[in-house]
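Chemist: Starting off with a structure, shown below.
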Amino acid sequence: MASSTASCLRALSRHTRVAQRLLTKKSFQTASYSLLARHQSVTNKRVLATRGLKTLDFAGSKEVVYERSDWPLAKLQNYFKNDTLALIGYGSQGHGQGLNARDNGLNVIIGVRKDGESWRQAIEDGWVPGESLFSIEEAIDRGTIIMNLLSDAAQSSTWSHISPLITKGKTLYFSHGFSVVYKDDTKVIPPKDVDVILVAPKGSGRTVRTLFKEGRGINSSVAVFQDVTGKAMEKAVAIGVAIGSGYMYETTFEKEVFSDLTGERGVLAAAIQGLFCAQYKVLRANGHSPSEAFNETVEEATQSLYPLIGEKGMDYMFNACSTTARRGALDWAPIFEATNRPVFEKLYESVKNGTETRKALEFNGRATYREDLAKELKEIDEQEIWRVGKVVRSLRPDYTPEH
Ligand SMILES: NC(=O)C1=CN([C@@H]2O[C@H](COP(=O)(O)OP(=O)(O)OC[C@H]3O[C@@H](n4cnc5c(N)ncnc54)[C@H](OP(=O)(O)O)[C@@H]3O)[C@@H](O)[C@H]2O)C=CC1
Ligand SMILES: CC(=O)[C@](C)(O)C(=O)O
Ligand SMILES: [Mg+2]
Ligand SMILES: [Mg+2]
């Protein structure tokens, strides 16, 4: 063990030296930096795997993690050689997960309602009607692993129709705990004789795809709701790798949906829009120009400071700011936390008691769900802050016109 660890460390320094030599050539600089990072991360991982460290310490809590490196492509393809992955639904996740699994060499088919928007998009992405693109019913019939990626509302409204098609021997997969956990509202009760598993990418389906194409991976959670074969967790992890996950952490269906609904209604999407608007409006009300208010609120956040948090953490971002900013950030962070914590408590309760679920089911279950959402999203697009944003983005030296 000690000698193999030592040999991995030797390999790390060898890779590092090679990459550093390349760095001296200016034209290779960017490519070489990523080469260096890739060699280092591969070699570091090998050290971990050699030690058999799959239970990691997350700031004092021990958690089991599953990594892509344990599933080389040949092993993955062999594992699924007798399977057909039938992806039902082709929204953001259907697109990302389906294309990644297809690129990984697995047998993937898509099932969506014929002649809808998703049918059109699937054809655009190279799925062929009658070969790899079918009606929902036919795809379920042909599939062994049924990946239910319809909208959460559609999972509920179609359930009575599709559940008899999910017969013994098939596997039922979700990317959200929603349908199964809120069964009193959704009426989704899986058949007793199939494995029921979940892999929930912690990011947009668009990023599931772009990270995969860059050779990177989205972090996902993984869970088992029902294990009939005794192989449910192994299968879930393998599918997680197939769809492009980098690493997976364990959860339950309930924990996944409670945290997911809280996150998207909180910091990930709703809270950030609320905070941006509040600050922008105060600056504007005090006579600041749109340029100043937008740059000081959104542009600097997304283009300069937030990427630093992603790279190396909050203290790194604070440290990259002036001592004046650091003093103010340290003083004001606890005030924002105290003010917002009760809002997050209220939000979590609204998730837990099913209020958020019932709203989503009612709204997105309407025949006009696409137009209704588009209308409200247009109102956001028309807010002064986001109209200003368009002009600011157009002034970036690397600007290319938006869609
Ligand atoms: N968006 C994301 O990035 C993430 C989503 N998830 C989860 O993944 C799952 C899929 O979400 P997402 O990819 O966003 O998809 P959407 O919520 O955007 O749903 C789109 C799909 O649902 C279909 N659909 C909607 N209504 C009906 C209906 N009445 N009958 C048949 N099909 C219908 C659409 O088909 P059509 O075009 O024909 O209307 C389309 O294929 C959900 O469980 C979601 O919570 C998990 C992680 C992140
Ligand atoms: C992208 C994601 O994970 C979300 C925000 O939870 C979702 O789209 O449902
Ligand atoms: Mg999510
Ligand atoms: Mg979500």
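Cβ atoms here come from the backbone N, Cα and C positions, even for glycine.
Unlike curated records, TrEMBL annotations are generated automatically.
From TrEMBL, here are the annotated features:
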type	residues	note
DOMAIN	62-251	domain 'KARI N-terminal Rossmann'
DOMAIN	252-399	domain 'KARI C-terminal knotted'
BINDING	Asp260, Glu296, Glu300	Mg(2+) 2 binding site
BINDING	Asp260, Glu264	Mg(2+) 1 binding site
BINDING	Ser322	substrate binding site
Chemist: Using a 10 Å radius around each Cβ and all protein chains in view, which of these binding-site residues has the most neighbours: Asp260, Glu264, Glu296, Glu300?
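Modeler: Result for the most crowded candidate: Asp260.
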Chemist: Which of the binding-site residues Asp260, Glu296, Glu300, Ser322 have a Cβ less than 6 Å from any atom of ligand 3?
Modeler: Asp260
Chemist: Using a Cβ cut-off of under 6 Å to any atom of ligand 4, determine which of the binding-site residues Asp260, Glu296, Glu300, Ser322 qualify.
Modeler: Asp260
Chemist: For Ser322 (substrate binding site), just count the other CB atoms lying within 10 A of its CB, please.
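Modeler: Its Cβ shell of radius 10 Å holds 8 other Cβ atoms.
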Chemist: C-alpha of Ser322 (substrate binding site) to C-alpha of Glu296 (Mg(2+) 2 binding site): distance in Å?
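Modeler: Per the Cα atoms, Ser322 (substrate binding site) and Glu296 (Mg(2+) 2 binding site) stand 15 Å apart.
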Chemist: Taking a cut-off of under 6 Å between Cβ and any atom of ligand 2, tell me which of the binding-site residues Asp260, Glu264, Glu296, Ser322 pass.
Modeler: Asp260, Glu264
Chemist: Calculate the distance in Å between the alpha carbons (Cα) of Glu264 (Mg(2+) 1 binding site) and Glu300 (Mg(2+) 2 binding site), and round it to a whole number.
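Modeler: Between the alpha carbons of Glu264 (Mg(2+) 1 binding site) and Glu300 (Mg(2+) 2 binding site) there are 22 Å.
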